[in-house]
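Peer 1: Okay, here's the structure, questions in a sec.
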């Protein structure tokens, strides 16, 4: 006897979806579902052996399809194909499935045939099914007993049917309704399968790195399938016996038509179809082979990206493919200008891994976190059929290569800044007396030097000298002129230089006119490019120091002497720095350098005092500092006149001989080398060579000043005679200095530096261990 029985619609409007006959169950999905192919359902008695032995009645289970679990198909043909693949018959897209009472048959096998279905429609529908979505398996099931419908061996491969202990517990859950198991109430049994679903483009909110196949249907209604090729390889294999049944990739799902018109799906013997399982939640979940419904977007494609890759596209966040979360595992982003993926109708869509397009600049990389990817800078990319963008332009077609004119601020030529006076910061009128000054400071300095004024500061010699307040304190203004380097001799020297250049130019022009064959003009005297020793001495000359003497307090010998000692200590320090800068001096032995400084410190201070007094006060006053000038009134103080008389002698001799600045620098250097120990220096030969060098420099300075060779030797004799006389002046000054240093009753303070020098020098002078280097014999 044939175990199959046709499933035909009833002739009455029966809302029940379950019809029971003697040898099997006939399932009717309402009247409104008719109009398509007829489903033949046969029930095998061996499929549910355990259930038939326990109860002779039919146990009814509800089929619950959560809302949103199946995507809405817009075409009626596609909906029919979906219904056929699931073993159901649906007439319209908006048709509702009434699943109040779905019973399990006692025997027979379920088979599927489509004798009245259009073959061409089936081929197109099955091809579309490969891109559609189906119901995933509930991850919360714990491998309880599952019922698999086994069709004929020629049509479908066999599936396994296991009945666990949980299914045996269903007997205890039967109510009074004929022993049937009711999992849901009547109002919960009606639901929509193909409803217009609005799938969100975002992730359903599942945990990261969780398989989309394990989505909870009861919690997330929008969760569908995800591409199997995008997941790990474990999803492509057959699950273990203890794991849930996962959809498999069929090698060939193209339908085959037998001679009698039945539809046959070919598959290998070792591949099992998805099973209809009974879960812990006591509902039946239908699982079909994993397919993906791929939406047809205009020119936007999906691109796979592994963690660490950089994808620069229109969207930087993970998207969901038709409602499936892609936040776990691989991520799919919208990208631009990627190749379209060629798909076959009998295969599932495979998302190939496409390398990301290199980004445009390193700055974008650093902002987006480029990882360890090696990127190519924008401008070197060359994609066929794609416009190459250059740096700085959005598109060559939108903005041609036009050289933008430079900004007016960068090209605007501003004139040179006005030159300022080095004394009062007013606008300078030129270089006066060797310094860039204004006309007012020029006249002031000339009158101050020639008028022999004795300026005294009413403050602390730190008055502000500017354009407005330059007339408030002449003493500070005069001090600032000296600090700037103003010198009356600079004007005369400049005139001589200009006169010499004019004479040389005139001589060259005359020679050129006499010899017209000469095309190259060579000056008679080429300027010396190598700096002379005199020019170096001018550079290293120490600045004028201030004593810090308060002129508002009544003068006294003790206060003046103490101030002079403090000033002398700072001048000694400046003299040490100056000596080390003299060319050749540092080549001497270190002990020789210290010895020469200890013997000559008073020579240097006295000669510099005479020069300042000669240049600033015409040798009538002693200009120790701009703020400490000893006039005739101060010279009359006790113990002051005799010492001032010796110092005025030096100033008067310089004034009488009209010593030039170059001559003064050479003479000052020779005074550093004017005294040595009787035993000689450790580097005596080098010392003699250095001393002879500066004697020759003094002769050059004399020739430069006089110009007439007949008077050069005479002037050299006068200047060297002055150097010899300095020994007597310094000897008198040292005797008075030693006396005040040893006499504690005078209470004259000495700075530490000066006290150390005097302490080391006293034994040498007392023993007579000093040799004077004189130019002339007495």
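Please read every residue number as a count from 1 along the shown chain.
Positions of Cβ are set from backbone N, Cα and C atoms, glycine also.
Swiss-Prot lists these features:
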- 1-22: region 'Disordered' (REGION)
- 8: phosphothreonine (MOD_RES)
- 23: omega-N-methylarginine (MOD_RES)
- 113: phosphoserine (MOD_RES)
- 130-182: region 'Disordered' (REGION)
- 134: phosphoserine (MOD_RES)
- 141: phosphoserine (MOD_RES)
- 226: phosphoserine (MOD_RES)
- 267: phosphoserine (MOD_RES)
- 394-415: region 'Disordered' (REGION)
- 404: phosphoserine (MOD_RES)
- 421-441: zinc finger (ZN_FING)
- 421-486: DNA-binding region (DNA_BIND)
- 457-481: zinc finger (ZN_FING)
- 480: N6-acetyllysine (MOD_RES)
- 487-524: region 'Hinge' (REGION)
- 492: N6-acetyllysine (MOD_RES)
- 494: N6-acetyllysine (MOD_RES)
- 495: N6-acetyllysine (MOD_RES)
- 525-759: domain 'NR LBD' (DOMAIN)
- 533-698: region 'Interaction with CRY1' (REGION)
Peer 1: Report the DSSP secondary-structure composition of the zinc finger (421-441) as helix, strand and coil residue counts.
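Peer 2: Counting residues per DSSP class in the zinc finger (421-441), I get 3 helix, 7 strand, 11 coil.
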Peer 1: Count the Cβ atoms, other than its own, that fall within 10 Å of the Cβ of residue 480 (N6-acetyllysine), considering every protein chain shown.
Peer 2: 20
Peer 1: Count up the helix, strand and coil residues in the zinc finger (457-481) according to DSSP, in that order.
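Peer 2: Summed over the zinc finger (457-481), the classes give 8 helix, 0 strand, 17 coil.
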Peer 1: Can you give the mean pLDDT for the region 'Interaction with CRY1' (533-698), rounded to a whole number?
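Peer 2: That region's mean pLDDT is 91.
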